[in-house]
Every structure is written in C-alpha cells, then in structure tokens.
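S.K.: Annotations per TrEMBL:
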DOMAIN    1-143  domain 'G-protein coupled receptors family 1 profile'
TRANSMEM  21-47  transmembrane segment
DISULFID  Cys57-Cys132  disulfide bond
TRANSMEM  59-80  transmembrane segment
TRANSMEM  101-122  transmembrane segment
Amino acid sequence: GNLIVIWIILAHKRMRTVTNYFLVNLAFSDASMAAFNTLINFIYALHSEWYFGEAYCRFHNFFPITAVFASIYSMTAIAVDRYMAIIDPLKPRLSATATKVVIGSIWILAFLLAFPQCLYSITKVMPGRTLCYVAWPGGPNQH
C-alpha cells in the first residue's frame, strides 16, 4: 500500500501538493520500517539468536526508531498543514521548496534523536547464542 501511494503521488504531477509530499514522506518511513525490520525481527524472535553481525545490529536498533520518529513528525506536519488551511484558508500554503525543507528537517531530527540507539547497540556472544541489544551506559549490564 505504501509503495503504491508513493508511486501515484510522484507519477502524477497534479498530485504533488504540500499534504501529499508529507504523505509520501509518511509512506516512505512506514515502508522503510517494514522493509528493514519485519523479517529480521521475526528471525531473531523465532531463534533467539542474532545472525546478522554487529554493524546490522546497530542499524537494526537505529533505523526503525528513526523511521518511527519520521512517521510521527510527518503526521504532525500534516496536522499542522491541515489546521492552517482550515484556520486561515486564504493564506498562501507552503511552497514545494519549503515543504522539502520541512521534510529534510524531520529526517535530520529523527536521525539525531535515534542516534543513541546506534551508538549503544552491541552484540554479545554467550554460550550457545549471540544477542543484539542496546546497552545503555549505567544500565543493569554495566558493572
């Protein structure tokens, strides 16, 4: 569904509105979450074993959080855009350039807020299995 939304909006020029740019961003963040996280989580939950190495462990703990933040902030931007359109309908809307700047800002903020997940993600080899988790400084695993 998300990929179809992206394709329809980007393929048809008349569909390129401020709200639809935000919808493309929302669809992209949600599709990214599904693409990069679902299968890996299923395998990890099924086997209780991390097969994918430390680099992907960091990515696996970082990117889904980034996508969730981007999704939430995209919905917030849509709500603000709709609110402004209702409250002051004669006021000019955001330009395409301003909308792209807002979307870029959404992703920068999402990356910054999720970065600690990447920074503190580790793999730990234990007897019989390998784990991937976030080891926060000063947490219960730090002695």
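Note that Cβ sites are derived from N, Cα and C of the backbone, with glycine treated the same way.
A quick note: this is a predicted structure, and the numbers were derived from the prediction, not measured.
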S.K.: I want to check the contact list for Cys132 (disulfide bond): same chain, sequence separation of six or more, C-beta distance under 8 angstroms. What comes out?
M.R.: Tyr44, Trp50, Phe52, Glu54, Cys57, His60, Asn61, Ser121, Ile122, Thr123
S.K.: How does the model score the domain 'G-protein coupled receptors family 1 profile' (1-143) in terms of mean pLDDT?
M.R.: 92
